Amino acid sequence: MEPPPPHSASQEPKTTSYKDESEDPTHRNVEPQGTNLQAGEMEKLAELVDASLKFSRVLKRKGVSQATLQVAVRCRPLSKAEKAQGARSITRLVDEKVIVVMNPEELDDADKEKDKGFDRFGRKVEKRQSRVGQGPGHSEKRYIFDNAFDGTANNEMLYKATVQPLVQGVVKGINATVFAYGATGSGKTYTMVGADGDPGLMVLSLEDIFMLIREESEKEYEVTCSYVEVYNEVVYDLLQPNSGPLELREDPELVTPRSFQPTAAASLLVALPVSNALSA
């Protein structure tokens, strides 16, 4: 076999010439399909993108991950009845992200060592440092969350660390959902609705929403609220007394829960007690 002939410098690659640059597909300004924006929509889209970027920077400054789902846990403090029965909490807050569930049999030793400034293995614990749940052979259960709080944290602390950054994005047009999950009596209603002197996440978020709206008086906003309960996979409208279960439909024009348009957070405070009574 003979090797192929060497490449000749006179051999030029084949090219295609175009009379007009616009005929060249590499220079053609092709509009993507589905992007036929009407007048004013491009400005709204640009504003939303700008808001998303600013929102991401706000989350980063606050140390909030940009993951789609954020999980925060607050350990419920013991009730008066539980304290009267001599119950003890077996949860310990290690730092702002870590909760440890202690072995009940080791509670006394762990608490004594902590009070003396030593961990359960006899090691010196520096100020504002905890060794709970660390070291070889420990029998505690260690859980890591995006945010962790013990029973001393009030609703405002929880709100500022978790919900407030989302509210700032909502006013800019970014969707967000906040919900509480837990067993009966774990404090879901207290967290969301609150009590005298400790308003819940719903109240605090509405107060901030209306404050942010007032700061942007040159824009028009419309706030609409509905209040539903999902119980055993059945949806109930808490703003309509004696209403039956709502059917889940894909068509928004069919069965929908009652809604109202509050003009201030105080309007929500009036509706909440009645709705909560229906839920009880």
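Cβ coordinates come from backbone N, Cα and C, glycine included.
Spatially close to Ser186 (ATP binding site) yet at least six residues away along the chain are Arg76, judged by Cβ distances under 8 angstroms. The annotation ATP binding site is assigned in TrEMBL to Gly182, Ala183, Thr184, Gly185, Ser186, Gly187, Lys188, Thr189.
Residues or ranges marked as compositional bias 'Basic and acidic residues' in TrEMBL: 17-30.
What TrEMBL records for 68-280 is domain 'Kinesin motor'.
Among the features that TrEMBL reports, region 'Disordered' is placed at 1-39.
The number of other CB atoms found within 10 A of the CB of Lys188 (ATP binding site), across every protein chain shown, is 15. Look at Gly187 (ATP binding site): DSSP puts it in coil. All protein chains considered, the CB of Gly187 (ATP binding site) has 16 other CB atoms within 10 Å. The DSSP secondary structure for Gly182 (ATP binding site) is coil.
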